[in-house]
């Protein structure tokens, strides 16, 4: 009997190829991601396509068994860890602090995204009822936390995207994965039940049991885990390695426990992440550790390579399904253009966290469709058995349509990163130690070119507003002087802000970002997430918009100058 020196099996092949790709990509990852600004998701998807059964045929997941189950569970694990990571990475008490902004993005914005996606699917894909289109549209409604992480992290994001914009995109993409269930199951129940029975079951099972119960479980588990971890750390009971991986392990625990009782495990993971780091203790303690980021990156690389190998290419041009490439391209184009951007811009003034028009454009555009859409497509598919002949068509359509939209989003959003710049420039504030900031705003209005009332605002998360009128009316907490001649009214005023203390050992250049966007000046304190906004009039006659000076901690003006290092966007 001849010995077998070569043992070829699927596990060995996948391990060889995936490991070899990650090693190779890792050697040039900085150049690809930080210099070329290419999305790792796009690169991994292309690699998966090349290695998959339609090109080189090296990896063929269709031979592994129940492909729907493997895809759904793999996606679920990746999303659970991603949403937990997103929750842990947010600043102190972020959900409460930005509750209004998140509520707007999770209710009216998501409803618009759902209805718009369904409308275009219904218009261009034949033999679908609008209810069936609503079911498919619900799968691509949530923005994807995996792809969103690619947008809000890295050199481009750190250089060009303010922290408050990165935080809201990350928080929304993580939260709306859980909130995608109500849209999906409302459509599913309406297809399967009478309207009354469907609405009743949707309220008590989806809203009550799936959403509310998962929120309560997530908050309680996160709170208990935080207290236990603090206790273990104070008493020196936990080692460093377990401490650094605690959030990932907690995500797996919650995912398993909540899914066993049939509730929304993804939403529970996100809420638990926020509750776990509510006081910012864990985030600060693990700030210098990159272990969680490493695990997160490996999962991202693996999932997108996998998705590239299971793309149902043959279904994209299948006559029996009513699909063709031109139909899918039109649907994808319309959905990417109108699914999110118009509604975010329409509601921009009532979303407190978004300060400028450019921030609204960036947030509205980068609402990627990704792994979450594949997960929900598989969930939708499993809710219709093969014996349910009345809905065979929509059951066969939901996966290929969702896949094509995911491919389109990964491609377009992945190539958009180096092209989108939400501000004209970023300026880094450099101060001598033991210094504070003092803002002085000077306005000059030319008679006949301004409105009777001009608004000046400093936003310290409380949206404190001060109104300066033509008569130079000044609030009691501000000092002002007005000079009026026949042609001009000049108002000089000092606008006090909360003193910003600078510690002796603090790296100032890493703390403050100074943005000039549209007619606004934005100062962002990255240590506590506070954002200070000076809103200027769009009138070209305002000169100068603002002057910024350094003061010492005793509130006396110092001779130190404030310097700005400018980086063109």
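Positions of Cβ are set from backbone N, Cα and C atoms, glycine also.
All TrEMBL annotations are machine predictions without curation.
Among the residue ranges 325-348, 421-444, the one that TrEMBL annotates as transmembrane segment is 325-348. Feature transmembrane segment, per TrEMBL, maps to range 360-377 of the set 126-143, 144-161, 360-377.
Looking at the stretches 203-225, 456-478, the one that TrEMBL records under the feature transmembrane segment is 203-225. Per TrEMBL, the stretch carrying the note transmembrane segment among 41-59, 497-515 is 41-59. Counting Cβ pairs under 8 Å to the transmembrane segment (325-348), the top-ranked stretch among 41-59, 102-125, 203-225, 360-377 is 102-125.
Count of Cβ pairs under 8 Å against the transmembrane segment (203-225): among 12-32, 102-125, 245-273, 294-313, 360-377, the largest is for 245-273. Across 12-32, 41-59, 74-95, 102-125, 294-313, the stretch most heavily in contact with the transmembrane segment (245-273), judged by Cβ pairs under 8 Å, is 74-95. At the 8 Å Cβ cutoff, the transmembrane segment (41-59) and the transmembrane segment (102-125) share fewer than 3 close pairs (sequence separation 6 or more) and do not count as touching.
Pairs of Cβ atoms less than 8 Å apart link the transmembrane segment (74-95) most often to 294-313, out of 12-32, 102-125, 294-313, 360-377.
The stretches the transmembrane segment (12-32) and the transmembrane segment (294-313) meet in space: the count of Cβ pairs below 8 angstroms, excluding pairs fewer than 6 apart in sequence, reaches at least three.
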